[in-house]
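A short worksheet on the structure shown next.
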């Protein structure tokens, strides 16, 4: 009894002392927030704390913590450092490399994902420390492209719940369901309906894998606290016949809802999450084309929400397009002079088109005539060929980019002209692929691009996953020439051109932008997420590279610099939110104080609000 009383007094005393320290810090004006004070009061101990990945430290629990949390004797006696834990984990991966290095790459990547996922399930702090320190190697494992394979095999890989599932069977219950999530505060939600997963089609409930992977990158790149992120799957059924017939499928085995029924489910979900967490940011992920733009327009002026496939992909593409202008030795202001042939008119293609047109128009004066002049710089080709006003049942979103027949005939083209014909006649500066059709940029198309009027034509093969890329970098450099600028949506290795020359592969991953967009919106307290924020973010990314890097064909920076890139992008978003009078501030930084910050102070503010994977001091307090 004496020992128990003594422990109780010790714990209570420690809680009071730590609370006093935080109160003292709060009384002094500082950019620091709770992200900088790694204290966590927990309501569990003993085996319960070891089963909680948010707080479990494994062998790194100190002896005093083991006493406070009733862990003494439940762990091996040697208290390990973080570095030692990473060394043990890395050793497991190196064994995997030795045993699978000669096997198929998919098998090896999936095996790495399994090992990382097991770490994620038992110790989130260690998982994110490993991910951040090896971001170039592991980002393609936790997200694109390996996550596509994970989603395809999800029913067999599922072991432990992560995130939340809202289904059409839950209609009328979602407002209460959101309170089943244990976190009192959620800053970021990534939600998918599984209808269009990475160009793999309708994967139903398996699609939650992309939401999980995307949030892993938010934490690693933007420093969003992992305890305040929530992956969500909206299961409204599936039209995938294989899943409907599979007795082991984990989702609803009925046809996908459509029309007003679908919208009713989405409306109820959005109302529920914003009722519990009014300041949360919701990012839509891998929603089929027919709904992606509809949902974005439906919610964007009411909630803090965006669609990474439409706006994120377009922002990264704009940054790359501006970088391609720089690679020609020209200033970015010359962007409106670029001739761009676009292959693909889905949600991603339309998003890029609209963003590029707005960027050009802004450079041309931002009036009605500027938008009209900008439109004439694009030639859009889909699976039926060149799009003109003669096209029947034309999507309203694509209508502004449809050429008039009398105008296009003067160029020797007509409705439905094949991609190779368009490239031959237009001689574009940029060939932009957003078609999700692997190999679309055939040898014939690439040879036609050799006649481009540009001194340095650019190829953007942006479709994911890797097999859907419109062409490989080897094909681009070998057919078009060493001078071409090449960007892709999935990772490829640089190409050895011989004579000591390297053909740089620029992965136009939307990872360059979406973490900074989310972080900037969060820290600015912006009421909504505007198109201008994406434009500001894209321009900041385009200007991130040095002149020397750009002249060498490098238009996107190394992913190893992603946290620094994210800070820069977030700063651009915060400044834009302030300029548009949308910023309301965050925590103890109100809107008026935010307006007073210069560039250096904004970056400092961002840095001090980014979560870092360091073990907090854990203190037990009974509920």
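Positions of Cβ are set from backbone N, Cα and C atoms, glycine also.
Here is what Swiss-Prot says about this protein:
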- 143: active site, proton donor (ACT_SITE)
- 214: active site, proton acceptor (ACT_SITE)
- 88, 122: fumarate binding site (BINDING)
- 196, 289, 345: NAD(+) binding site (BINDING)
- 196, 464, 509: (S)-malate binding site (BINDING)
- 285, 286, 309: divalent metal cation binding site (BINDING)
- 1-31: transit peptide (TRANSIT)
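Close to the recorded NAD(+) site, the chain also has 288, 290, 292, 346, 347, 348, 349: residues not among 196, 289, 345 whose Cβ is within 8 Å of the site's Cβ mean position.
Reported as a whole number, the C-alpha separation between the residue listed as 'active site, proton acceptor' and residue 122 (fumarate binding site) equals 19 Å. Using the Cβ center of 285, 286, 309 for divalent metal cation, the list of other same-chain residues with Cβ within 8 Å runs, in sequence order, 192, 196, 197, 210, 284, 287, 292, 307, 308. Residues 196, 289, 345 are the ones the record ties to NAD(+), and the longest Cα gap between any two of them is 15 Å. Secondary structure at residue 309 (divalent metal cation binding site), as computed by DSSP, is helix.
Here the recorded positions are 122, 214; the one with the fewest Cβ atoms within 10 Å of its Cβ is 122. Across the structure, residue 122 (fumarate binding site) and residue 509 ((S)-malate binding site) are spaced 29 Å apart at their Cα atoms.
A straight line from the CA of residue 345 (NAD(+) binding site) to the CA of residue 464 ((S)-malate binding site) spans 15 Å. Using a 10 Å Cβ-Cβ cutoff, residue 286 (divalent metal cation binding site) registers 26 neighbours. A straight line from the CA of residue 286 (divalent metal cation binding site) to the CA of residue 143 (active site, proton donor) spans 13 Å. A separation of roughly 35 Å, to the nearest angstrom, links the Cα atoms of residue 88 (fumarate binding site) and residue 285 (divalent metal cation binding site).
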